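Accompanying notes for the structure given below.
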């Protein structure tokens with residue numbers, strides 16, 4: 001760091017001072033302030049001096065310069081400590097916190113804002129929308145909380161009148177995912193200033209704080225109104241009725257007067273304004289201001305009228321409580337917006353936290369009251385934490401680890417903390433006991449009780465205990481010797497401020513308001529007077545509990561400190577008040593911190609963790625060492641880099657004295673990391689490929705075994721189902737075939753075909769030879785007409801020669817028998833293929849009875865009315881395509897007439913007989929067209945093929961048999 005800034009700017013780290021004493025410390029601090037170097041290190045602690053002017057050291061270039069750098073790589077800056085806290089959180093997955101301390105006006109609030117802006121700037125490089133939304137709310141909430149919780153005082157333009165601790169949650173990538181705010185509010189009165197005249201008029205306000213009792217002693221606020229309204233909308237505050245709550249608090253101008261019997265409100269216009277702003281009834285407001293509802297021991301409820309003093313007390317308590325409830329409600333709403341949602345450690349990894357504490361500083365005024373007592377107690381607790389974590393913890397660690405070094409004396413303020421908070425003996429216990437005592441207990445009586453119990457304490461005194469000290473008043477003042485100096489407190493008002501001063505009537509009034517925001521702020525108002533039995537905790541106890549919880553929360557995190565110093569009381573950018581600054585350096589314990597850091601070591605780490613981080617920088621420790629202990633491996637790393645004289649070896653940790661040694665290790669590690677990452681990627685990708693290959697082999701092996709099993713299982717199932725088909729009446733026709741695996745689909749089809757052929761053969765074997773002709777004809781007809789005709793005569797016997805059948809033609813059979821004999825003698829045919837009646841339909845749709853007689857040689861058309869006279873004879877072997885060509889189907893037709901077979905179911909018999917005849921004669925059927933549009937052409941070998949029909953005609957059958 002000395003190399004980064006010239007000697008003209010002084011020492012950038014107080015550890016580098018030639019001699020550690022107050023003179024050199026103050027000389028270096030003043031020089032750096034005059035040279036506009038407002039930040040200085042004490043090891044990892046940043047000392048910040050308020051410059052009281054804008055400085056150009058917070059832009060994007062500064063953020064880029066400090067991002068990812070070590071503390072000692074750049075000049076001191078708030079960004080350095082913020083980046084250190086962020087790196088510790090991200091690298092080691094440790095919760096960290098940044099504690100910003102100092103007195104009022106030292107620049108704590110501005111420091112916290114710069115830290116928040118830096119963290120927001122270095123996170124979420126991928127610009128994910130949900131992360132940007134969280135960052136935006138976290139930043140905007142600062143402005144809103146300042147507007148409602150800060151004030152311009154005589155000592156500070158933007159004084160925090162409340163304490164704020166913000167936890168920022170981060171995911172495993174280091175991006176903010178949410179947060180939570182804890183507030184510690186003391187001062188409870190504000191005035192809505194900056195709004196338009198129209199808005200102020202609607203809220204019954206004037207734009208001048210002097211006109212109001214609660215604000216006339218302070219100074220005008222510098223916070224702009226419109227940006228606050230904008231930020232409220234940015235963090236999802238859409239209900240502007242919260243301004244009514246702000247406007248209702250300055251109504252302390254409400255006055256009371258006492259007539260002969262009771263107390264009355266002076267002028268009812270103010271009551272109407274309060275009722276309008278709180279959306280309650282004016283009568284109820286008046287009643288709450290003038291009366292108090294009390295439950296007696298017997299359960300009876302009575303109304304007790306206030307005295308004028310009690311009415312004023314209740315008015316003030318109500319106004320302050322209204323503002324306090326509003327502030328707490330705003331914080332709760334912000335927390336609801338920024339809380340981490342849908343977090344699952346298994347899916348999202350560890351959730352780490354950075355805490356930022358911005359709380360009121362140590363205060364010493366001419367008149368110090370209950371508020372200063374609480375503020376200074378808080379600072380005592382924080383100083384105790386600082387001592388625990390930075391001073392005593394450091395020295396205790398050296399002793400535990402067996403590191404020889406010079407012991408540094410420091411002041412442990414635990415004795416002052418006990419003076420305030422010790423049970424039964426501390427000041428808070430005395431105050432609570434006085435508040436709980438029945439009867440008239442005054443502040444003076446409470447002071448006497450503290451004198452009695454704490455008179456022997458070395459850090460407590462009063463005028464009664466030291467009568468010669470005329471700086472304190474009898475029966476009013478007591479003094480505490482704080483670590484920051486002696487503070488004299490006035491006990492006046494302690495008891496009233498410590499009690500819960502708000503009557504239950506006001507709580508019920510607000511709970512019954514028509515404003516849903518107000519109703520939500522006062523949930524305890526739903527209790528009736530008989531249900532409210534438990535006395536609420538006092539203000540001091542509540543504050544003590546919250547501060548103890550805060551210290552516990554900070555104690556479990558790795559702390560980083562920003563110690564703020566106020567250079568002067570004039571808010572001047574050039575004036576450096578030596579006495580004022582020296583006082584702050586003393587009570588902040590900065591000199592002791594320098595001594596501890598100078599005598600000690602800047603960096604310490606357990607051997608295992610140090611080895612894990614830097615083992616790649618040494619050939620003897622990468623990837624794993626073979627030495628007996630981790631300490632020996634760490635010694636090998638240190639020896640290889642030549643740091644033997646800059647380290648000390650403890651029992652469990654390595655201590656490094658100067659940051660330069662650690663910086664050298666970090667540089668070498670950063671250079672090796674890309675090489676190691678590439679190597680690990682190569683190894684891991686190879687491992688992934690091998691695992692993938694093994695899985696694929698296993699998958700294929702399993703698939704092969706499973707396929708073989710499915711094939712065998714299919715065979716076993718087929719064998720089981722068809723074992724007894726020979727003995728079945730239908731030879732297995734009713735047996736359902738099992739679904740085959742995909743690999744056996746074709747095989748299964750062939751197997752079923754074979755079974756059908758075998759089954760057919762078994763059936764055919766049992767058919768008499770005399771019936772085989774009919775069977776062959778039916779099979780031929782089935783092949784030609786399957787799916788085309790429903791009734792083609794398959795289910796009846798085929799007699800073929802119907803004209804000679806006496807049963808079918810009892811009156812004409814004898815004539816036909818005679819004619820057939822004549823034709824047999826004449827044409828010498830041996831077999832009648834078909835004979836039957838038909839009707840001839842000419843082109844004029846006139847029909848005539850005809851008979852058709854087919855033998856293996858000729859086709860005859862006969863006239864049944866003329867004793868079967870032969871009208872036409874055509875040789876079956878050569879049917880011409882002339883004008884008298886014969887067609888058959890359900891009806892056959894020529895160009896001039898159509899022959900319709902009677903009855904229709906004999907067309908199948910005729911077609912099957914002809915196909916069987918020509919098949920057996922190895923003939924050719926040129927065309928077989930059916931009316932439905934699908935035809936079959938029978939070629940040699942009885943092969944069936946599809947052919948396209950002519951849809952303009954009826955179905956026809958053309959038979960042309962050649963030699």
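Even glycines carry a Cβ here, placed using N, Cα and C.
Pulled from TrEMBL, these are the features on record:
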BINDING   102, 103, 104, 105, 106, 107, 108, 109  ATP binding site
DOMAIN    9-670  domain 'Myosin motor'
DOMAIN    787-963  domain 'TH1'
REGION    547-569  region 'Actin-binding'
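Structural mapping of features recorded in TrEMBL.
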| residue | record | Cβ contacts under 8 Å, 6 or more apart |
| --- | --- | --- |
| 102 | ATP binding site | 48, 108, 361, 362, 563, 564, 565, 566, 584, 588 |
| 103 | ATP binding site | 361, 362, 363, 484, 564, 566, 584 |
| 106 | ATP binding site | 48, 50, 361, 564, 565, 566, 584 |
| 107 | ATP binding site | 48, 49, 50, 51, 564, 566 |
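Annotation for the binding-site residues 104, 105, 108, 109: lowest Cβ count within 10 Å of the residue's own Cβ, 104. DSSP places the residues of the region 'Actin-binding' (547-569) in helix, strand and coil in these numbers: 9 helix, 8 strand, 6 coil.
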